[in-house]
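Annotation comment: TrEMBL describes 19-258 as domain 'Deacetylase sirtuin-type'. Feature annotation from TrEMBL assigns NAD(+) binding site to 47-51, 57-59, 129-132, 215-216, 239-241. The active site, proton acceptor annotation in TrEMBL covers HIS149. Annotated Zn(2+) binding site per TrEMBL: CYS157, CYS162, CYS183, CYS186, in sequence order.
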Amino acid sequence: VDFLRSLFSSTLGLGSAEKVLDELTLAGVARYINGGKCKNIVCMVGAGISTSAGIPDFRSPGTGLYANLQKYNLPYPEAIFQIDYFKKHPEPFFALARELYPGQFKPTICHYFIKMLKDQGLLRRCYTQNIDTLERVAGLQGEDLIEAHGTFYTSHCVSFCCRKEYTLDWMKEKIFADAIPKCEKCGSLVKPGESILFSLERDFPRCDLLIVMGTSLQVQPFASLVSRVPKSCPRLLINMEKAGEAGPMLGLLGFGGGMDFDSDKAYR
């Protein structure tokens, strides 16, 4: 077990379990940020940061986006964002895209908070599960963002041999014509650009504060990113429910890579 622990720690870039915050509260996080030692904040955000903009969340019974898509018989909610399912059944994704298309909603205080972190020189990157582009509307640029489930700003043919790029206007015309976008070159599906190849080596090993907002952390590989920051890195969850807690296997090995809210060992 000690060997496996050492191997996983070096592979995942996890350091020692140093306690950085003077207390596990919002005030403690604020003091840490204002103390000058916090210079590389990574944000991970999901649909919950956009609900106050009028965009339905995903899981509310009867009113959530997933509930409204059940006529498509999704095998499970997260399938809508998985590329293998999309290639076979693109209709649910584009039904969702019509509801969330850019220009129909305004950013929330969460989006402007992330922009403020950028303006203060503290934001290393924002990783978003959202396709509503409200991070961009709030003032974040392409280099500030990893849009894990795609972005309307660029779309690509899903064929590995083609990958032809299409514009925002081209995609908008197809979506609102109720048409499934097909590549004009090879006939394959076209999807708002995937960004699943996360910038792990650039961002997470250097992160000194991870802020997670408005996500249930149930879609992989996005959800696993909470365990990729150094072991001393404080992690703040702003959410309606607990999320991202450690899985039993990592807990058995003594890593605690997931979130730990309640145990006596919680330190960050």
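Cβ from N, Cα, C; glycine included.
The Cα of CYS157 (Zn(2+) binding site) lies closest to that of HIS149, out of the recorded positions ALA47, ASN130, HIS149, MET240. The Zn(2+) site is set by CYS157, CYS162, CYS183, CYS186; from the centre of their CB atoms, other residues of the chain with a CB within 8 Å are VAL158, SER159, CYS161, ARG163, LYS164, GLU184, LYS185, GLY187, SER188, VAL190. Residue density at CYS183 (Zn(2+) binding site): 18 other Cβ atoms are found within 10 A of its Cβ, drawing on all protein chains shown. Candidate binding-site residues: CYS157, MET240. Fewest other C-beta atoms within 10 angstroms, MET240. Nearest by CA distance to ASN130 (NAD(+) binding site), out of the recorded positions HIS149, CYS162, CYS183, CYS186, is HIS149. Sequence-distant contacts (6 or more apart, same chain, Cβ under 8 Å) of THR215 (NAD(+) binding site) comprise MET44, VAL45, GLY46, ALA47, GLY48, GLN129, PHE222, ASN239, ALA243. Among the recorded positions listed here, namely HIS149, CYS162, CYS183, CYS186, HIS149 has its C-alpha nearest to that of MET240 (NAD(+) binding site). Summarising model confidence by region, the domain 'Deacetylase sirtuin-type' (19-258) averages a pLDDT of 85.
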